[in-house]
Amino acid sequence: MSEHDPKSQSSQTIDVLLEEDRTFEPSAQFKSQANIADPGIYEKARKDPENFWASFAEELHWYRKWDKVLEWNPPYAKWFVGGKINACYNCVDRHVKNGLRNKAALIWQGEPGEKRTLTYWDLYREVNKFANALKGLGVVKGDRVAIYLPMIPELVISLLACARIGAVHSVVFAGFSPEALADRIKDAKAKVLITADGGYRRGSIIPLKHDADYALMDTPSIEHVVIVKRGEFMLRVKEGRDHWYHRLMQEAANYCEPEPMDAEDMLYILYTSGTTGKPKGIIHTTGGYLVGTYATSKWVFDLKPQDVFWCTADIGWVTGHSYLVYGPLANGATQVMYEGAPDWPDRDRFWSIIEEYGVTVFYTAPTAIRAFMRWGDKEPAKHDLSSLRLLGTVGEPINPEAWMWYHRNIGREKCPIVDTWWQTETGSILITPLPGITKTKPGSATVPFPGIEAEIFTDKGERVEVGGGYLALTRPWPAMLRGIYGDPERYKAQYWTKWKGDLYFTGDGAKRDTEGYFWILGRVDDVINIAGHRVSTMEVESAFVDHPDVVETAVVGIADELKGQAIAAFVTLREGVELDHGLENRLKDHVVRKIGALARPKQILFTAELPKTRSGKIMRRLLRDIASGQVPGDTSTLADPSVVEQLKRRYEED
Ligand code: WTA
């Protein structure tokens, strides 16, 4: 942190944003039907946040009501203390019992073209059976289950089946490499792995079980592997350890009693990149998380019984956990789930899905919107998108141009846009418009959700009323993380020690305007946000130096038109290694093998030396400046200032 000055990096963004003065009021029509349209709710929630959250909790099913809404012993919060609840029961059984038994829960679209619709009853049946199958493999409350699946209904079923029996799920994005999977399995000491023979992405097959077999060579905690059969893919089955999902389901009993969980029992672990090398296992518990995702789904996405909600995120990321699984299902929503890529077989795939299923509320990422912009207005124009009534974005700052494009071409100038800011750690959306209340401004996530308090502070902890600084959260909220799995010290150090006074440090820079609107400026730590996915520079650096030809490397984020940010690497080779033509690609492939395709470096600059301080610290700020073509600022603390000049020259030649 210390070597980085967010103001210098963000000043340009601030200038650009300052010019943004377009505003959009919710229409009278939208207001009149919105789940929440009373602006007084902000003040009401501010005065009594505990009661505010409790009123949502009361809409859920509890085996035992809580004794106390909040117990706050910073940095540890307990919500709905003493309450007993089951997340799966609330997402499935409750609706089956309340008249939604035959309502579509999931409308699944496979990339090659298959369709499957699961009603709440179907989901109930499948989840019960799979919960029994897991129990049959010896999974008990508190055990960790790793999940490495493509975007197929069995992924949702797996999460809910774990939640039903109190097992802790740890989903690993199917685009991650076997090594990344192995690391996560080992950290969580998972007992069972659920995977598939394969999945489809952009017309090709991802051989998940084949990849998982590599991970499984190094994961002694795994006792059983469940394989979902997605296609006709080749794979090896290890007798005794590996089981076909469909066979287990044939033998499983129809009903499995849900486990009444303590509100603070762990629901899941989800790994995310932080500032040091190892990914952090973010812990979410049951009661507060469900209340937070339920409440925000209801108010931010304004979900109604007749809506068809489509969140395009993969369940491998937190957005899929909160806004494809727990939040919308707790609301009894009907959802679209799509397996594949937005440009397969054609660049209008998303729009054709919206038209076909009559999607009403659509939630996607700015990086996708920028790709759509590039593909041209004619793609969405081919389709009837008139079913849409509300749009959302998440994952990274949206540039005002992309916002306006989304507004015109997808929302046809009639849909409000909710730009939702949150994190894996926050569990639920925290800064966002409420579509029936909030005036929006392109590029601004607007204001904190009722009951949430955000502030901007300087490095020294001075509060910034209007202007830029670091984004902080000043009050606990129900879906907040409860820690980092197996590493309480890191939890404190990472989030709670930047300032005095029990303030949560988000790692984001932000600016507040004169109307109190927040403008998120992106990460201020060593995390690169690639297409809305967090990758830590340290992790990529470890992957580089793992290659025998590399001695040292420094990785920085550079602006990328499509993905928001991309990886630029400065690499020092081992003495005697020849810099041949293929080396750059071999190194890129190596990083992909270690982490996954999303971490593929965009550019590599080979250099004999990296700029370092006299104490030997690599000066990333300078590298960032060089990589983004800016003139490096202060070099007075450098051990050898000539290194920067040499680097700059090499960079310009490249
Ligand atoms: C960024 C994704 C600007 C931010 C839910 C945050 C955003 C990180 C927005 C979390 C937004 C997310 N505007 N930036 N609306 N939403 N971010 O953990 O830098 O994958 O800290 O969670 O994404 O990424 P994560």
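Quick reminder: no glycine exception, Cβ is built from N, Cα and C everywhere.
Automatic, uncurated: that is what TrEMBL annotation is.
Positions annotated as CoA binding site by TrEMBL: Arg201, Arg202, Gly203, Ser204, Thr319. Taken from TrEMBL, the feature ATP binding site applies to Gly395, Glu396, Pro397, Asp419, Thr420, Trp421, Trp422, Gln423, Thr424, Asp508, Arg523, Arg534. Annotated Mg(2+) binding site per TrEMBL: Val545, His547, Val550, in sequence order. For 41-91, the entry in TrEMBL reads domain 'Acetyl-coenzyme A synthetase N-terminal'. Per TrEMBL, the feature domain 'AMP-dependent synthetase/ligase' maps to 100-476. Per TrEMBL, domain 'AMP-binding enzyme C-terminal' is recorded for 539-617. Residues or ranges marked as N6-acetyllysine by TrEMBL: Lys617.
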Under 8 Å by Cβ from His547 (Mg(2+) binding site), counting only residues of that chain that are 6 or more apart: Arg586, Leu587, His590
Separation of alpha carbons, Gly395 (ATP binding site) and Arg202 (CoA binding site) (Å): 22
What's the CA-CA gap between Thr420 (ATP binding site) and Thr319 (CoA binding site) in angstrom, rounded? 11
Could you tell me the C-alpha distance between Thr424 (ATP binding site) and the residue listed as 'N6-acetyllysine' in angstrom, no decimals? 29
Alpha-carbon spacing, Trp422 (ATP binding site) to Thr319 (CoA binding site), which is rounded to whole Å: 9
Taking a cut-off of under 6 Å between Cβ and any atom of ligand 1, tell me which of the recorded positions Gly203, Ser204, Thr319, His547, Lys617 pass. Thr319
With neighbours defined as other CB atoms within 10 A, the best-packed of the recorded positions Arg201, Lys617 is Arg201
Report, in whole Å, the straight Cα-to-Cα distance of Val550 (Mg(2+) binding site) from Gly203 (CoA binding site). 35
Integer Cα-Cα distance in angstrom, Arg523 (ATP binding site) to Lys617 (N6-acetyllysine): 21
Helix, strand or coil for Arg202 (CoA binding site)? Use DSSP. coil
Rounded to the nearest Å, what's the C-alpha distance separating Ser204 (CoA binding site) and Gly395 (ATP binding site)? Just drop the number here, would you? 26
Looking only at Ser204, Thr420, the binding-site residues on record, which one has the least crowded Cβ, with the fewest other Cβ atoms within 10 Å? Ser204
Taking Gly395, Glu396, Pro397, Asp419, Thr420, Trp421, Trp422, Gln423, Thr424, Asp508, Arg523, Arg534 as the record's ATP-binding set, what's the max Cα pairwise distance in Å, rounded to a whole number? 18
